[in-house]
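Peer 1: Have a look at the structure that comes next, please.
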């Protein structure tokens, strides 16, 4: 720190930083991208390993063999589901009671803020059925949860069948130390949310539900099972939860260990693992897998029923059966054995899963990138913002220094008024608030005046407000009724840069992927923005790198990565549905991505847009 | 004292006439007697409940200052010495593995919370109750091979109303009462062995041959207890006797062991059969609840816990009875719904605050009755007592009596006792919010991520009985029906324990001390160091340093004594 308290050396350092600012920033940006892409390169990553002692060395023997029973139960469930036209509550209660469980039901209802067109639902009413297998000689303090959804159509029947068969098998075992809750939830995430809120007696999303009658203490871990097809070839592990939360890495390790043990084909992000890391294809494959994880995590929604558990500090993962690789057919008994093994190991846990990582990226199931490895990529991007801010700070301070030296700038105004900076900041944020509040609240009015459905009304209102925000700079200027000074925009930009750095930094700490994706698009344009650039060109660049376009790019990249490329028109429709999903996720489950973008990131971007049109 | 002895003799003889076993050790002078009893009750859920009761009665006085009791016969000497040394008036200790499922199993004969529970009434001559209590817990810890030494002032409370003496004497000053639970205590064979050693016949003969640990711990519920209290020696209560009652309750899961068949026998449950009674026992009986199977020959009827039950009685002291203890196939009728039932859970998420919900059900169709709720919460859950609400049928239910003793950090737990009137056929919810304390790093257990336990809350009540009780205690009443003295005919005493809670506290990552040290050192060095530097340094305008040549020249000039160059 002697470096900074010595005025000469400080001057030399600041000179160096201001003179070389642009090249340093450029190098940082490139280094960040290269660093990030390097994370998928196998020699740079670590092999996964089981950290939890209680799950590592204790071998369990899987004996589940009632695959046939699971299939017949699935058929029976299917028949009763068709007859009831939804959750066959009575049959499930009887079936679970017959297997020696304590059975309870929970009914819930939820009116969505606007109709969900993807899943075609608006007024949702349903019932969850769950049975508790009481562990012998356990005081009801700890529990594990296994869930299967009751979904419309043909899918997930086998999951429920397997759940019941497992319950029957588990009931006859003596080794349970934790109660096991078998839950069949209706209306996927909404039912899950209702059950979790009922279990923890909270109400954070305005759900209406009947209180739960039976509980089993604090839930230690949860597994969600989805078998969408009758023929299963491989199992996919889904980890990304609400707001980009991930379960402890040991849960993924546990799944992988049992897949290896039972010789089951397992995937993550639907992608198999490859061994040829030294070839270009091998690297691309790993990079694609990792990118998919980043995109899924960044969008902050729950990608399976497990995702909502994470809020309650319950480690959870979804296991999804996939029919995608021919020549490998897996019978239900094998999946049952896999679950049995996982549940038995979780049953052995003495503490909650906490030994392994909570922040990680997975380029494959056997390799992981921990927070220490990926954070520098973001840090390099954030440093650009700080360097630019430092440059501006020095710039703003420089004339004052000259004045001390006695050069003829005595009547220079001492600085821009607070109002010059505050006005654009306040107006931008008000626009953000409008973007956050109006789409849902104005839908009725929009539906009255335009020939659109409610969902379209919400999404199009959002897009309209977003676009209308672009006209702001002119209005701001009019409001200020004065020429913007050179110092004015510099102060505003300094504020905006620091604001963005703090925003992105906080976001990246909670949800690295979201922070990184936003930083990659926002940093270059915000760092280089001045009012002296060619207006039309830089305006185009700014719009193309705005948060909304970031979402659009993510949609296209995501579709490309899951090998379902879309045309521009389809992409646009997907983009609109992503926006509506984002708003719904926020209203239904409390996802924070939509408010973050609307209330903070977008206003921050508007501040830079203001600088561009500073006159 | 001779006269008291004489008065004590007749009941012993009545007992003897009941059991005509050869008992050469019994003389008219014997002032102690031993009874053993096993109740088997098929439960509605398909499980089998077996309850052992061993009762030793001795008309001596442990608390006498003048003459030390030194000659022991049936009463275990280790316990007798403890009683006299610590001036214990009443002692109740239970070790339980598992949770009694009231809704499936009905009421147990003697309830107990998961883990270990100890409550003791000291004699009112004791001056240092806390000191006696501390020593007593340590001694009991040794006797029962349990972690009772973890009982200290931070988990001991003095309930004002919930735990009244069950024996003789109307002690009401709760300064002499100490109550503590260890919900984490795990009960296993090492606790069973010392417990069995307290029996006069050990595990050699009598009902205790059934107590084999490999089967007892292959069950859904296991609870063993020791209760010591002063009781009346006879109906007229002319003399006092000490009663030691050892109970062991176990519930076997027929579902897992019987492949779905609801069939039981002693051999299937205990992998032993009964061959003889304990020769020291005056009575040795097996009761089988046949209320649901009236076709079995009726033997005895008694009212237990407000319900008239029918039992088939097998007297082990009569050899011809053994043949009848065979496998019985049982029909199960719908269980009488337990009238009182309670459960508890933690609501909320996150590691800052939470809410404890205690739900008490009154299933009686038309009678309201009051219950005493007792909650003892460790200090590290800081209760916000102003958030305490009691609601029944979505209306505020004001408790008629509240006793609250706030916790002192690291010294004593919260104690909350309330008398609540439960409306008929209702659910009453008691909620209180709490904040989780941040412990000092040495206060965490070795497994902090497991969570911290909060003991069961205790609901005690006089529940209106469906059937009139027989309060006139005569000798032919089974032991299990007469543990808690009842004064009214129309109600019976029930104590219900809720499940313990497992609460996570904010826990530092103990596996990263190195990182923590590095980080703190860096922060201190960089942050504090530079600030200190800037604050204390005096700044001076630095003279531009001279070029090397001039400095050399100055050096030479200094030696020469010539004025230096600028």
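Cβ atoms here come from the backbone N, Cα and C positions, even for glycine.
Automated prediction, rather than curation, is the source of TrEMBL annotations.
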Peer 1: According to TrEMBL, transmembrane segment applies to one of these ranges: A:351-370, A:371-390, A:391-410, A:411-430. Which one is it?
Peer 2: A:371-390
Peer 1: For the transmembrane segment (A:537-559), I need the partner stretch with the highest count of C-beta pairs below 8 angstroms, choosing only from A:20-41, A:496-525, A:596-614.
Peer 2: A:496-525
Peer 1: Near the transmembrane segment (A:496-525), which residues from the same chain, at least 6 beyond its ends, have a CB less than 8 A from one of its CBs?
Peer 2: 29, 32-33, 36, 243-245, 293-300, 359, 361, 371, 374-375, 377-378, 381-382, 384-386, 388-389, 392, 541-542, 545, 547, 549-550, 553-554, 593, 596, 600-601, 604-605, 607-608, 611
Peer 1: State the non-local partners of the transmembrane segment (A:596-614) in its own chain: residues 6+ outside its ends, Cβ under 8 Å from one of its Cβ atoms.
Peer 2: 424-425, 428-429, 431-433, 435-436, 466, 469-470, 472-474, 476-477, 484, 488-489, 492-493, 495-496, 499-500, 503, 507, 514, 518, 522, 525-526, 529-531, 533, 535, 538-539, 542, 546-547, 582
